[in-house]
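Written below as structure tokens is the structure these notes are about.
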Amino acid sequence: MVFTIIDINGKNDDVFIYFTDHGAPGLIAFPDDELYAKRFMATLKYLHRHKRYSRLVIYIEACESGSMFQGLLPSNLNIYATTAASPTESSYATFCDDPKIVACLADLYSYDWIVDSQTHQLTRRTLDQQYREVKRETNLSHVQRYGDTNMGKLHVGEFQGSRNKDSPENDEPPMKPKDFVASRDIPLHTLRRQIMMTNNGEDKNLLIEILGLKLKRRDFIEDTMKLVVKVMNNENKPIAKATIDQTLDCTESVYEQFKSKCFTLQQAPEVGGHLSTLYNYCAEGYTAETINEAIIKICN
């Protein structure tokens, strides 16, 4: 995997990073690959050590997004981070039942912080004020905050820019979020909406067939993980739990094995919901070798 670091001026730059996609415990997903929490943290420490930024704000929208920072992000890197969800829960989409559009139009966390930015003067609005408002409004998951909390008194505009000073704070009242769907259920929800909104009989039958295949795949993924669990149940329970570093090293190994032998997040977002099982085995102290053997036994 190759990551390119944007060449910024350096130690005087205030930087804002916003990421949205799928996630799982200890990783966030890109269209073709994943970024693991430990590697992400090593990159952030490198950027800080080499003075590639002055202050950095990170917003992440993904399932289990809190796991990218919890127990990992120190408070001395000049980084302020918030996430859409805790390390153990899904994030949610919203505006999923538009009468004319089959897709969900937003995710709840992103919609809430964008609305907050659009309806306030960002030269006066602080990061902590935005965090508290987004946490209150994003009521289906638990928005989290990590890193240097002293940065919370800084103004949002120092990172997101600011509106024209003559612009009114409220151009018009924002729509209240509605029609929520768990992020990993969006593809199936969208397909069901397509079926409902399609009048052509031939197209409808094809979509129904595709939905059936996707449901079978979902069940097959679930059954596969149940078999892995069945194999793991025959292993002796570890005496000691793993440290966070040991857990993340183990997690990366077993995720890569599962991706190679079984399924990938890119094939089906439902995979992310089952990766927590592998993460939990790592956290309990099982070795990567033991878990990988179970994966190979089922998926090889």
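Along the chain as shown, the residues are counted starting at 1.
Using N, Cα and C of the backbone, Cβ positions are placed for all residues, glycine too.
Curation does not apply to TrEMBL; its annotations are automatic.
Feature annotations, courtesy of TrEMBL:
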type	residues	note
ACT_SITE	His22	active site
ACT_SITE	Cys63	active site, nucleophile
REGION	155-179	region 'Disordered'
COMPBIAS	163-179	compositional bias 'Basic and acidic residues'
DOMAIN	217-299	domain 'Legumain prodomain'
Of His22, Cys63 (the active-site residues), the residue whose Cβ has the fewest other Cβ atoms within 10 Å: His22
Rounded distance in angstrom between the Cα atoms of Cys63 (active site, nucleophile) and His22 (active site): 6
The residue listed as 'active site': secondary structure state under DSSP, collapsed to three categories: coil
DSSP-assigned states of the domain 'Legumain prodomain' (217-299) in counts, ordered helix, strand, coil: 61 helix, 0 strand, 22 coil
Model confidence over the domain 'Legumain prodomain' (217-299), averaged pLDDT: 97
